[in-house]
Amino acid sequence: MATYALVLFTFLALVSSQAFASDPSPLQDFCVADMKSEVFVNGLVCKNPKDVKAEDFFFPGLDKAGDTSKNPGSNVTLVNVQKLAGLNTLGISLARIDFAPNGGLNPPHIHPRATEVLTVMEGTLYVGFVTSAPEFKLFSKVLNKGDVFVFPQGLIHFQFNFGAVPAVAFAGLSSQNPGLVTVANAVFGSNPPISDDVLTKAFQLDKKTVDWLQAQFSNSS
């Protein structure tokens with residue numbers, strides 16, 4: 001009996017861990033986020049359904065290109081729950097990504113809470129992701145207009161425009177708030193900075209190079 005109870009408890013723990021490993025599922029038709037609420041929860045508090053309007057489910061402007069003139073030559077227009085309150089509890093968000101020609105880059109980054117599926121609308125992109133330890137295997141592909149590529153949750157990935165014309169992609173993400181950790185910014189642009197002793201040893205660089213890298217990213221994180 002004790003063994004059965006232990007097995008049952010273990011199974012329920014595993015099921016519960018899977019159930020809470022992603023955005024919470026809605027328990028009603030919708031749960032439009034109340035951006036004015038001061039209550040802090042895992043997610044956002046629901047607005048009173050009587051106060052919900054069509055505008056809560058609407059976001060304009062993804063037809064407009066983002067400014068790609070600044071380094072690294074890309075612009076992400078993210079439509080998450082902060083921009084579109086109706087996404088609350090629905091477990092999805094959307095992004096438009098514009099790339100400058102001849103080297104526009106969405107640099108290596110992670111979405112800690114979402115898988116990303118990307119489709120190219122214009123241009124050509126070189127994309128890829130790297131698996132976790134111990135393999136650190138790179139999966140990469142050149143995408144043309146209409147092609148689709150998926151980036152698993154939590155893995156480092158990137159998109160690069162090596163074409164001579166601007167590129168545009170749209171991405172769906174499996175969270176209302178996917179999060180973003182850009183690798184270089186996080187490592188070399190943290191606030192306060194990570195100790196030189198840590199970075200010189202971790203990256204096998206001299207202190208002068210580490211200081212230079214921190215200076216590049218200190219104002220861009």
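A Cβ is built for glycine as well, from the same backbone N, Cα and C atoms used for every other residue.
Bear in mind that TrEMBL entries carry predicted annotations, made automatically and left uncurated.
Annotation source TrEMBL lists oxalate binding site at N106, H111, E116. The Cβ neighbour count for E116 (oxalate binding site), using a 10 Å radius over every protein chain in view, is 23.
Residues or ranges marked as Mn(2+) binding site by TrEMBL: H109, H111, E116, H157. Neighbour list (H157 (Mn(2+) binding site), Cβ cut-off 8 Å, at least 6 residues apart, same chain): P108, H109, I110, E116, V127, G128, F129, V130, F151.
Annotation for C31 (disulfide bond): spatial neighbours C46, K47, N88, T89, criterion Cβ-Cβ under 8 Å with sequence separation of six or more. What TrEMBL lists as disulfide bond is C31-C46.
Per TrEMBL, domain 'Cupin type-1' is recorded for 60-211.
Annotation source TrEMBL lists signal peptide at 1-21.
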Report summary line: Neighbour count check, CB within 10 A, over binding-site residues H109, H111; minimum at H109
Report task. Tell me, if you would, which residue among C46, N106 (recorded positions) has the fewest other CB atoms within 10 Å in the structure shown? Result -> C46
Query raised in the report: Around the oxalate site recorded as N106, H111, E116, what other same-chain residues have a C-beta within 8 angstroms of the site's C-beta center?
Result: A95, H109, I110, A114, L118, F151, H157, Q159, A171, L173, P178, L180
Query - Environment of H109, H111, E116, H157, the listed Mn(2+) site - residues of the same chain whose CB lies within 8 A of the CB centroid - result: I110, A114, F129, F151, L155, I156, P178, L180
